[in-house]
């Protein structure tokens, strides 16, 4: 199982004090030496963490492939084409969101996506679509002739957290998931099944399958066991653990959990 380490949250720490430390660039060699196969960053329209100069330096200096997450905003796509990351993962964006809340609306943006994908391909950039695990969306993604899809695991992660962590007893409790344990277990089972079904369909259609969002040290093994998924992109939980263990050990710990024996 390949691991892409999202280093956005190093920039989040920097931006919390509006200074130049910590520098996300310093994470590159640690990620490689610790066994990561990819660096993932998100160049948001609002530049809330990673900035243009960060993205440029990371892409130029990383010895690992860089997966650049971005919206389909034309100005952002122009920047991505100049930066030339190994891969661009197209994601939805909402300025008011804390983090990405769901997958792309493929059906509603099909024509615009086709133009964006064609432009990225013309610049020799591999393309992935960040999507919800639904069969119709998988099939539309295939029509768009992308190389990858990344399945949004946020719903799965939220259900898992409400069931097996103390999230429900905190001020971050997810109101719509304040259900009985039996109801949450049923929802979790259905969520995993849908991810499995979508992964199988995508693989059958010739798409490479990644997954990410909300994955952590507690829930990741349920996703890493799905054989059709080749890659996981994980950020916040790794950076959070690194505060206590150091980044190298945090990555090693995650690699150990997701390895395929």
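Note: Cβ is positioned from N, Cα and C throughout, glycine not excepted.
In Swiss-Prot this protein carries:
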ACT_SITE  42  active site, proton acceptor
ACT_SITE  69  active site, proton acceptor
ACT_SITE  213  active site, proton donor
BINDING   6, 17, 214, 235, 236  3-amino-2-oxopropyl phosphate binding site
BINDING   8, 9, 44, 49, 99  1-deoxy-D-xylulose 5-phosphate binding site
SITE      150  site 'Transition state stabilizer'
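Following the DSSP three-state reduction, the secondary structure of residue 69 (active site, proton acceptor) is strand. Note on proximity: among 9, 42, 213, 235, the recorded positions of the record, the Cα nearest residue 150 (site 'Transition state stabilizer') is that of 213. A separation of roughly 7 Å, to the nearest angstrom, links the Cα atoms of residue 8 (1-deoxy-D-xylulose 5-phosphate binding site) and residue 42 (active site, proton acceptor).
In sequence order, 40, 41, 42, 212, 233, 234, 235, 236, 238 make up the list of same-chain residues 6 or more apart from residue 6 (3-amino-2-oxopropyl phosphate binding site) whose Cβ falls under 8 Å from its Cβ. Pairwise Cα distances among 6, 17, 214, 235, 236, which the record gives as the binders of 3-amino-2-oxopropyl phosphate, peak at 25 Å. Relative to residue 44 (1-deoxy-D-xylulose 5-phosphate binding site), the recorded positions with Cα atoms inside 10 Å are 69, the candidates having been 17, 69, 213, 214. DSSP assigns residue 6 (3-amino-2-oxopropyl phosphate binding site) to a strand.
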